[in-house]
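Peer 1: Here it is, the structure in full.
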């Protein structure tokens, strides 16, 4: 019979998603989850690519926004915080990559810190995007500018988003530690004693309810009414000005929604609402790893969106280059005229 009170009896095999939930069948034996060496190195190369792109891209985004003090909008302040969250997370990717090869060799402190940064990145991202959706909803649907133009209030909202993200992520910092199971590589894992399985389910369900589902519903509500208002009023220029915001939200959902859906399925399986088998466990573990990598990719995609869609971002970047003599002022002036004529009305002033 599976003994959940003795962690030494578990066979993790490096599976970071294992919850220790015992199966109902007493004759059931733990599944052996295998990881191919090729897959490990593909993951490492992917992490390295995301790290480099995120480090360069988000640093440029922060530089451009911080340089543009005069034309900085409320949305820009939110996107600045979004870039900071992605940058902090990117700094942990080399550690995650190394753990794919040798297991978790970095000790309990780094286990807590990098797990905290990963969760804070996710929660702050969706909370900030929810705040942007509310800001755009007030500005377009209700034509409210008093709240959206007070930047000092926006700073307090951002601080609140970071604080709530820290609270939602705090259990990972408190309970995760470096653990060395028998006959397996060390892992960074939540350890809560005999009730690890039960509490891990609680720690999984509550944060994702308040840190993902609720903000997602807020975004769907706000952007639904915002789009309805834009199309109803035939506000074509304002709609074009919202392209960056919509693209950022869409990319976030495409990157993180699959992981959360697989995680929800895994939760149903762990709580025996879906029958668990070795084959399903292997499929879920592979899906979790693949969709988590997709989520990691999100940290480097926003700067690419700004570069291709955000005219203000391109102009701000060229302005910095011109200040340092890397491009001519004539070229900057021509680019500014082109940008102005192609989008003469800028409702959100976002990047």
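Yeah, the Cβs are placed from backbone N, Cα and C, and that goes for glycine too.
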Peer 1: Going by what Swiss-Prot says, which of 182, 346 is noted as N-linked glycosylation site?
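Peer 2: Residue annotated N-linked glycosylation site in Swiss-Prot: 182.
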Peer 1: Which one of 14-34, 77-97 shows up in Swiss-Prot as transmembrane segment?
Peer 2: 77-97
Peer 1: With Swiss-Prot as the source, which of 42-62, 315-335 is set down as transmembrane segment?
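Peer 2: The listed stretch tagged transmembrane segment in Swiss-Prot is 42-62.
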Peer 1: Tell me if the membrane topology in Swiss-Prot places residue 189 and residue 65 on the same side.
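Peer 2: Each on a different face of the membrane, per the record.
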Peer 1: Tell me which range among 205-225, 268-288 Swiss-Prot lists as transmembrane segment.
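Peer 2: Residues 205-225 are the ones Swiss-Prot records as transmembrane segment.
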Peer 1: If I look at Swiss-Prot, which residue among 183, 194 would I find recorded as N-linked glycosylation site?
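Peer 2: The N-linked glycosylation site feature in Swiss-Prot corresponds to 194.
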Peer 1: Quick check: in three-state DSSP terms, what is residue 111 (disulfide bond)?
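Peer 2: It is helical.
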Peer 1: Given pairs 6 or more apart, does the transmembrane segment (113-133) have at least three Cβ pairs under 8 Å with the transmembrane segment (205-225)?
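Peer 2: Judged by the Cβ rule, the two regions touch, with the required three close pairs present.
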Peer 1: Can you tell me which recorded stretch out of 42-62, 77-97, 155-175, 205-225 has the most Cβ pairs within less than 8 Å of the transmembrane segment (290-310)?
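Peer 2: Result: 42-62.
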Peer 1: When each of 42-62, 205-225, 244-264 is checked against the transmembrane segment (155-175) for Cβ pairs under 8 Å, which one has the most?
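Peer 2: The listed stretch sharing the most Cβ pairs with the transmembrane segment (155-175) is 205-225.
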Peer 1: When a 10 Å sphere is centred on the Cβ of residue 188 (disulfide bond), how many other Cβ atoms does it contain?
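Peer 2: Excluding its own Cβ, the number within 10 Å is 23.
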